[in-house]
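Okay, so here's the structure we're looking at.
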Amino acid sequence: MSKRKAPQETLNGGITDMLTELANFEKNVNQAIHKYNAYRKAASVIAKYPHKIKSGAEAKKLPGVGTKIAEKIDEFLATGKLRKLEKIRQDDTSSSINFLTRVSGIGPSAARKFVDEGIKTLEDLRKNEDKLNHHQRIGLKYFEDFEKRIPREEMLQMQDIVLSEVKKVDSEYIATVCGSFRRGAESSGDMDVLLTHPSFTSESAKQPKLLHRVVEQLQKVRFITDTLSKGETKFMGVCQLPSKNDEKEYPHRRIDIRLIPKDQYYCGVLYFTGSDIFNKNMRAHALEKGFTINEYTIRPLGVTGVAGEPLPVDSEKDIFDYIQWKYREPKDRSE
């Protein structure tokens, strides 16, 4: 998944950018995930609001916008800035940690460690490459590329390459590009591919070759350019669209490919399509109906609250049907 949300280009872009910056600060510096989620939810709701927000009171009528966030919106609308953010930006340690976490492979803990050692900028990282692991070096190498959003038009071209090459390896493979792209987003942060094969189930032995054969094919056609990590069920790497007729080079992009057992595939597709907030709402509804859902299975809950055996699932719609919830197309899941 992408490291950072791009600035919003909406009616209330200033407000959503402010909330996203606060969210990143809470996650990366304070490691306060509940506050991170609260700011993100508010930003997501406001991004879809069809009118220009004129006050915190107006924003507060929206789900997920509480009193404290409404007060921050009032301050931002009145002054064009937020004292809390100004303070964060002026604090060298906070701003440096926040910045370094934008490098793929550098999480909040690693960023804090680097800052404690006086490593605060890209230039500092380049001078201290011996202190970086393989993933972080690749993240540094392609930092500028990874910062760029991927336009939907490019994502569609990337999808065409992946799906066609997968079928060349074996026509029985099933692959789905998930994330915000599947929900119809105009741009994406990275490419998230789920992969399965009828011969691989949760009962069968591990079959890493099913994943590795696909990765090797995508390397052979020079779509995958770098490997960050390659396990038995997950590949993390870098890809690039081929340039046409000596046109300018396309940026390098992050790609993850996950191999999922066939019987767990559609629970995985549902989970990795998102959005996070939609998934939380769906899980809450499932619990009310006596089921528990995660990225692997849907299981009934007994009277004692203990989950039973996984239920058979052959499509996303099956999961909606079990919990008696009206099916929603991926484009309607961006909550």
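Using the three backbone atoms N, Cα and C, a Cβ is placed for every residue, glycine included.
Of the listed candidates (Asp124, Asp130, Asp256, Asp263), Swiss-Prot assigns Asp256 to the same Mg(2+) 2 site as Asp190, Asp192. Of the candidate ranges 183-192, 243-252, Swiss-Prot annotates residues 183-192 with the feature region 'DNA-binding'. The annotation in Swiss-Prot ties Ser180, Arg183, Gly189, Asp190 to 2'-deoxyribonucleoside 5'-triphosphate, and of the candidates under consideration, Arg149, Arg152, Arg222, the one tied to the same site is Arg149. Residues 1-6, 146, 149-152, 155, 158-159, 162, 177, 239, 253-256, 258, 272-275, 330-331, 333-334 of the same chain lie 6+ residues outside the region 'DNA-binding' (183-192) yet bring a C-beta within less than 8 angstroms of a C-beta in it.
Listed in sequence order, the residues Ala42, Val45, Ile46, Gly56, Glu58, Ala59, Lys61, Pro63, Gly64, Gly66, Ile69, Ala70 complete the 8 Å Cβ shell around the Na(+) 1 site centroid, once Lys60, Leu62, Val65 themselves are left out. Once the Cα atoms of Arg149, Ser180, Arg183, Gly189, Asp190, the listed binders of 2'-deoxyribonucleoside 5'-triphosphate, are compared pairwise, the greatest separation found is 16 Å. DSSP gives Lys81 (ubiquitin cross-link) a coil state; it is part of no helix or strand. Rounded to the nearest whole angstrom, the C-alpha distance between Lys60 (Na(+) 1 binding site) and Asp192 (Mg(2+) 1 binding site) is 34. According to DSSP, the secondary structure content of the region 'DNA-binding' (183-192) in residues is 0 helix, 4 strand, 6 coil. When the Cα of Lys61 (ubiquitin cross-link) is compared against those of the recorded positions Lys81, Val103, Arg183, the shortest separation belongs to Lys81.
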